[in-house]
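S.K.: Take this structure first; my questions come after.
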Amino acid sequence: MSPQVILLFSGKRKCGKDFLTDRLKEKFGEKCEIIKISKPIKSHWAKENNLNLNELLSDGEYKELYRLAMIKWSEDMREKDYGCFCRAACENALDKPIWIVSDVRRMTDIQWFKETYGELVKTVRLIADEETRIERGFQFKEGVDDVASECGLDDYNEWDLVINYGKEKHSLEEQLESIATLMPNL
Ligand SMILES: Nc1ncnc2c1ncn2[C@@H]1O[C@H](COP(=O)(O)OP(=O)(O)OP(=O)(O)O)[C@@H](O)[C@H]1O
């Protein structure tokens, strides 16, 4: 079954994207597939440089070591074809009714999904205050936090849902409920 809804999640580093989308996956279980645009980037990067892909995909210090270089390389690839990583990520995804894309970073990511899947696409922005992000492990890095991969969607204001995931956050159950309203038939 091809996707009936595609939720695109965006938010700055350590705002909790992986955490919340993992909880969503637990709630919707077999109905849903998590897609990471960064996965084809990391697979390619790991192969070329002989690195551990699982470590790169997980949350931790290891991925931080390579983040800057991966951003630069992927930027060059995107200049040639802005949809290349989105397409690769979707081609490798299982056919489930709900697709959750947990790391949307650029206008062109949203553009590609909307051009490709139209009305199925819903966008969600997570926001969290800096103090909370620091508690979750955020440290400002030049070349990472001040470039398009982090700031590309700062001025986008057509989100279907904005979730405060910082100090003032609602309970997890309420957050998940508000996300569920984006897919009333599932
Ligand atoms: N609601 C929460 N309660 C407790 N810990 C949380 C919560 N949300 C996130 N965290 C923790 O904060 C850290 C960062 O969260 P997460 O990896 O989800 O952020 P992210 O936005 O995906 O970051 P990145 O952009 O670096 O991938 C993780 O260790 C996660 O377990």
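A Cβ is built for glycine as well, from the same backbone N, Cα and C atoms used for every other residue.
The structure displayed is predicted, hence computed values, not measured ones.
TrEMBL feature annotations, pasted as is:
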BINDING   Lys12, Arg13, Lys14, Cys15, Gly16, Lys17, Asp18, Arg136, Gln175  ATP binding site
S.K.: Report the same-chain neighbours of Lys14 (ATP binding site): residues 6+ apart in sequence with Cβ closer than 8 Å to its Cβ, ordered by sequence.
M.R.: Ala128, Arg133, Ile134, Arg136, Gly137, Phe138
S.K.: Taking the Cβ of Gln175 (ATP binding site) as the centre, count every other Cβ atom within 10 Å, in any protein chain shown.
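M.R.: For Gln175 (ATP binding site), the count of other Cβ atoms within 10 Å is 20.
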S.K.: Just how many other Cβ atoms lie inside 10 Å of the Cβ on Lys12 (ATP binding site)?
M.R.: 20
S.K.: Who sits close to Gly16 (ATP binding site): which same-chain residues at least 6 apart have their Cβ under 8 Å from its Cβ?
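M.R.: Within the chain, Gly16 (ATP binding site) has Cβ neighbours under 8 Å at Leu126, Ala128, Arg136, Tyr165.
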S.K.: Using a 10 Å radius around its CB, how many other CB atoms surround Asp18 (ATP binding site)?
M.R.: 17
